[in-house]
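Below is one structure, written out as C-alpha cells, with a few remarks after it.
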C-alpha cells in the first residue's frame with residue numbers, strides 16, 4: 001500500500017505537535033502549521049516546542065510554517081485543534097484552497113455545536129466531497145512525542161482510506177486498527193472526557209478501585225446507547241474493545257495527567273464549588289462537551305445516568 005507522500009498537521013498545540021512528530025518518523029515530508037511565530041522559530045531551529053512539550057526533542061525532518069497558502073500542496077491534512085475551534089479552522093482552510101482531492105484526518109475530539117452534531121455531519125456540509133478519517137486512542141501528547149508505545153483507532157466510511165492513513169502512522173511503537181464505524185469513535189471521544197470528570201470526583205471521594213472499574217463498564221454502556229441512536233454500532237461492530245474507545249477511555253479516566261480527571265478531582269475537594277467553577281480557567285473538554293451531549297440526550301430521550309450525574313454536579 002502506498003503512503004501519503006506529504007502530510008500537513010494543522011494545530012501547533014501539544015497534541016498537534018506530538019502527532020506531527022509521530023508521523024514524521026514514518027514520512028519524510030511532514031509540516032506543522034501553526035500561528036505563533038516564536039514557537040515556529042523554536043521548532044525550526046531548536047526542534048522543541050517548550051511551551052507545550054517541554055524539552056522533548058522533535059524529529060529533525062519535521063518542518064513548520066505559519067504560511068497557510070501552501071497547505072493545499074499536501075495530500076493528507078490532519079486537524080488537531082480544540083473542538084471549539086473546529087468550524088472556524090475548516091472554514092479558514094477552505095479559503096486557502098482545500099479541494100476534494102485532499103484527505104482530511106480529524107484528531108479533534110468532541111461535538112460540533114449550533115446545531116449539536118458529530119464532526120462527520122458538520123464536514124458533510126463544509127467538505128462534502130473530501131475523503132474523511134478520524135483518529136482516536138490512548139495518546140498522551142508528551143508520550144507520543146517521546147515515541148513511547150501507544151495505539152490508535154482510525155475510522156473512515158471508506159476502509160481503504162482508513163488503511164492508507166494507518167499505514168502512515170503504524171510503527172514498532174505505534175499500533176493501529178481500522179474501522180468504518182466513524183460514529184462510535186466520535187461519540188467515545190466526546191463522552192470519555194465527561195466520564196473522566198466523574199472518575200476524578202470518585203477519586204477525591206476515595207470511592208476505591210472497584211468503583212473506578214465499574215465506571216468504565218457504565219461508560220461503555222452509555223457510549224453504546226448514544227452511538228446506536230446516531231447510527232453507530234452496526235454489523236456487529238467490535239470497536240468498543242479497540243484503542244479508540246476502551247483504550248482511550250481507560251487512559252483518560254485513570255490518569256491524573258488528564259485535564260478532565262484533574263478537574264473532577266479538584267472540583268470535588270474544593271470548598272466553594274460555585275467559586276471554583278467560575279474561576280477555573282484551564283480548558284476542560286468534558287465540561288464543554290457536557291452541554292452538547294445533554295442536547296442529544298433530550299432530543300432522543302436517552303437514559304445516560306453517569307452523564308446526568310456529572311451534569312447535576314458541575315452545571316450549577
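Every residue gets a Cβ built from N, Cα and C, even glycine.
Here the structure is a predicted model, which means the values were calculated and not measured.
Annotated features, as they stand in Swiss-Prot:
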type	residues	note
ACT_SITE	192	active site, proton acceptor
BINDING	14, 15, 35, 109, 141, 259, 283, 285	NADPH binding site
BINDING	109, 137, 192, 248, 258, 259, 260	sn-glycerol 3-phosphate binding site
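Annotated features, which come from Swiss-Prot, shown on the structure.
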residue	record	DSSP (3 states)
14	NADPH binding site	helix
35	NADPH binding site	coil
109	NADPH binding site	coil
137	sn-glycerol 3-phosphate binding site	coil
192	active site, proton acceptor	helix
258	sn-glycerol 3-phosphate binding site	coil
283	NADPH binding site	coil
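Residue density at residue 285 (NADPH binding site): 25 other Cβ atoms are found within 10 A of its Cβ, drawing on all protein chains shown. In this structure, the C-alpha atom of residue 285 (NADPH binding site) lies 7 angstrom from that of residue 260 (sn-glycerol 3-phosphate binding site). Here the candidates are the recorded positions 192, 258, 260, and by Cα distance the one nearest residue 15 (NADPH binding site) turns out to be 258. Nearest in space to residue 260 (sn-glycerol 3-phosphate binding site), taking C-alpha to C-alpha distance over the binding-site residues 14, 35, 109, 283, is 283. Least crowded of the binding-site residues (14, 258, 260), judged by neighbouring Cβ atoms within 10 Å of its own Cβ: 14. Distance noted between the C-alpha atoms of residue 14 (NADPH binding site) and residue 137 (sn-glycerol 3-phosphate binding site) is 15 Å. Take 109, 137, 192, 248, 258, 259, 260, the residues named in the record as contacts for sn-glycerol 3-phosphate: the widest Cα to Cα gap among them comes to 16 Å.
When the C-alpha distances from residue 258 (sn-glycerol 3-phosphate binding site) to the recorded positions 35, 109, 192 are tabulated, the minimum falls on 192. Non-local neighbourhood of the residue listed as 'active site, proton acceptor': 109, 219, 248, 249, 252, 253, 286, each in the same chain, at least six residues away, with C-beta under 8 Å from its C-beta.
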